[in-house]
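Novice: Just lifted these from Swiss-Prot, have a look:
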- 1-319: region 'Ribokinase' (REGION)
- Asn196, Leu197, Ala198, Glu199: ATP binding site (BINDING)
- Asp265: active site (ACT_SITE)
- 345-476: region 'Cytidylyltransferase' (REGION)
Amino acid sequence: MKITLPEYDKAQVLVVGDVMLDRYWHGPTARISPEAPVPVVKVEQIEERPGGAANVALNVAALGGKVNLIGLVGDDEAANVLVKNLKSVHVNTDFVSVPNFPTITKLRVLSRHQQLLRLDFEEGFEGIDSTDILEKMHASLTRQPSVVILSDYNKGSLADVQKMIQLAKKFNSVVLVDPKGSEFEKYRGATLLTPNLAEFEAVVGKCHSEKELVERGLALIKELDLDALLVTRSEHGMTLLREGQEPLHLPTQAQEVYDVTGAGDTVISVLASSLAAGSSFEQACTLANAAAGVVVGKIGTSTVNTIELANAVYSQQEIGFGVLSEEQLKLAVKLAQHRGEKVVMTNGCFDILHAGHVSYLNTAREQGNRLIVAVNSDQSVRNLKGQGRPVNPVDRRMAVLAGLGAVDWVIEFTEETPQRLIAEILPDLLVKGGDYLPEDIAGGKEVIANGGEVRVLQFEEGCSTSEIIKTIRNNS
């Protein structure tokens, strides 16, 4: 199965669930307290990170998706910290503030990357009326988020989870649930559940073989009227189950495991973002599995960005080639540059590909390790060359260019010049054929300002698209 990272900036996700604040106190330990047989930690660093459903939303935003977060908080300093931190990373918060209840906060004390103690500040929101959350959900769903995540830590925000599932389904949203506890009946009708193995076996019983896990998982799908079930299995990876389809077993991609805190949040957020951006279930689960392998190598609740995810998915393999969207190309370029590869970019109409074009593109590719060709849209060619051009529409021109061995990536631009696109991509080297001065080449100033270089290459004499068209017309 070929995996391509989707355009996460197109994903719209609504997260509803138990919001928390994770606090971390870091410091060295050099002695034992004279008051009790416990280590003394000299606190030198304090971190505050969104946790629980807030960490799920943070993970969606880290991939570039648009996310709205709904949950219960107290009227306190911890809630203000959460709102401020989430706003800074473009997470839209729509919290329900509950007087006389503290925002759920977990304080961890660490020394030399080892957790020594955790203190929980919470009363739990059990029994709180869900009307306000349901109203906020309805308002958010009218803005058409394509995927809804229900992040359940059994703290009370999802007390009426069945009503939430039915509300989301009225808007034809995909509903993903990260469950808690052994009462899975309340999640009936969701699109997909993501229990870990312990949670899954607490519901269906101990599974002694792969066959048993699959059979019981499929039975659970039927019983709860689900579309799919994704069982996360720690060092054994994860398994995607769907009725009438073969199970998909994905081995773990974790290289080192430092902390599993928040790994489940990362899985469901990448899964949701990928589905919202157009990935299939298989592709979305593969990406979520890769992301989990990255995040467990970090300390505490954390996120995975597109570069880390691309590295995990592609490793030392090719990121892919051919015709890409702008977001896909930006990711491909960042990953190539991250590996130390030199990215070259050029542009043109390339209406009827001829020997001069091929020679020029080969020379351009020799200047670096990767070659991008930006191609004028049909209207752009028409504006430059006049009526009757292009002879070949842009999809055919790009397909031919993508088939050349010298070319890695091809992209269309619709403006008169590719200046905006080049400024977004920022290749290491920008090349152009003809009698240009480097400072006059569109996008050149931006490339140079970024530390790149601009070069002018020579076209092969005697080759011209206009002359080819003239010859064809004269002979017809």
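Using the three backbone atoms N, Cα and C, a Cβ is placed for every residue, glycine included.
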Novice: DSSP three-state call for Asp265 (active site): helix, strand or coil?
Specialist: helix
Novice: Can you break down the region 'Cytidylyltransferase' (345-476) into helix, strand and coil residue counts using DSSP?
Specialist: 56 helix, 26 strand, 50 coil
Novice: Cβ-Cβ under 8 Å from Ala198 (ATP binding site), same chain, 6 or more residues apart: which ones?
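Specialist: In sequence order, no residue meets the Cβ cut-off.
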Novice: Of Glu199, Asp265, the recorded positions given in the record, which has the fewest other CB atoms within 10 A of its CB?
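Specialist: It is Glu199 that, of the recorded positions Glu199, Asp265, has the fewest other Cβ atoms within 10 Å.
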Novice: I need the CA-to-CA distance for Glu199 (ATP binding site) versus the residue listed as 'active site', whole Å please.
Specialist: 15
Novice: Count the Cβ atoms, other than its own, that fall within 10 Å of the Cβ of Leu197 (ATP binding site), considering every protein chain shown.
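Specialist: Around the Cβ of Leu197 (ATP binding site), 16 other Cβ atoms lie within 10 Å.
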Novice: Helix, strand or coil at Glu199 (ATP binding site), per DSSP?
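Specialist: SS state of Glu199 (ATP binding site) = helix.
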Novice: Any idea what the Cα distance is from Asp265 (active site) over to Asn196 (ATP binding site), rounded to a whole Å?
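Specialist: It is 12 Å, counting Cα to Cα.
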Novice: Determine which residues of this chain, when Asn196, Leu197, Ala198, Glu199 are set aside, have a Cβ within 8 Å of the centroid of the ATP site's Cβ atoms, and list them as they appear in the sequence.
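Specialist: Neighbours found: Pro195, Phe200, Glu201, Ala202, Val231, Thr232, Arg233.
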Novice: What is the total of other Cβ atoms whose distance to the Cβ of Asn196 (ATP binding site) is within 10 Å?
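Specialist: Cβ-Cβ neighbours of Asn196 (ATP binding site) within 10 Å number 19.
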